[in-house]
Amino acid sequence: MCSTGVARHRTYSSSYAFLNETGSEKKITRGESVFSVSSADTYLEEEPTAAEWIRELSPSGPDVLRYVRNLFPFTHWLGRYNAQWLIGDLVAGITVGAVVVPQGMAYAQLAALPVQFGLYSSFMGVLIYWLFATSKDITIGPVAVMSTITGNVVLAAQATHPNIPGHVIASALAVVAGAIVCFLGLVRLGWLVDLISLTAISAFMTGSAINIAAGQ
């Protein structure tokens, strides 16, 4: 009986010593990983220099080439153009031209210019647009709202400078407006149009249509 008690005491002592030894080596945490309480190596990220920052933002050669090709979308489809489409495209062009010619002459009157300048604007717009076009089904030329605004500018400029012809004023306005639009396109700022309310655009277009109809 005594020997049995001594054996149990030794067993308890051995178990207690083993637990103490294990606990001293491995710290028990509450639901955490053992690795989460161990010390981690300190990582210090060096700040990039100005040259490295510019090098990182600068486009590579293929990126520049891809950007230039995207400026001229006709390079993607011109080599795959089917000659069988030529007759249909020719008929479509003549049909659209028959509508654009009298339309351009009317818009020239809205712009306070001689009628021949309406034909010039209708022809040059289509001639240049195909270089930058992404659709072959769109005709580019003067529109009513733009012609009305141009006419207002021409009349206002001639009121203070009567010796300057109207087509010179309209040409200068076209160069300035075209440079601004070209800059916005090159830097990809087309998203700015999304900031203009659709209600404001609709009201402006409707008011311009009423103004044009009332002025005829």
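Quick reminder: no glycine exception, Cβ is built from N, Cα and C everywhere.
Curation plays no part in TrEMBL annotations; they are all automatic predictions.
What TrEMBL lists as domain 'SLC26A/SulP transporter' is 86-216.
Per TrEMBL, the feature transmembrane segment maps to 83-101 (among others).
TrEMBL lists 113-132 (among others) with the feature transmembrane segment. Counting only same-chain residues 6+ beyond the ends of the transmembrane segment (113-132), those with a CB under 8 A from a CB of the stretch are 71-74, 100-101, 103-107, 138-142, 150-151, 154, 166-167, 170.
Look at TrEMBL and you will find 138-156 (among others) tagged as transmembrane segment.
Among the features that TrEMBL reports, transmembrane segment is placed at 168-189 (among others).
The transmembrane segment annotation in TrEMBL covers 195-214 (among others). Beyond its flanks by at least six residues, the transmembrane segment (195-214) meets 110, 144-145, 148 of its own chain at Cβ-Cβ distances under 8 Å.
Within its own chain, the transmembrane segment (138-156) is flanked in space by residues 96, 100, 103-104, 107-108, 110-113, 118, 121-122, 125-126, 129, 166, 169-170, 173, 204-205, 208-209, 211-212, which lie at least six positions past its ends and keep a Cβ under 8 Å from the stretch. Outside the transmembrane segment (168-189) by six or more residues, the chain places 71, 111, 113, 117, 150, 153-154, 157-158 with a CB less than 8 A from a CB of the stretch.
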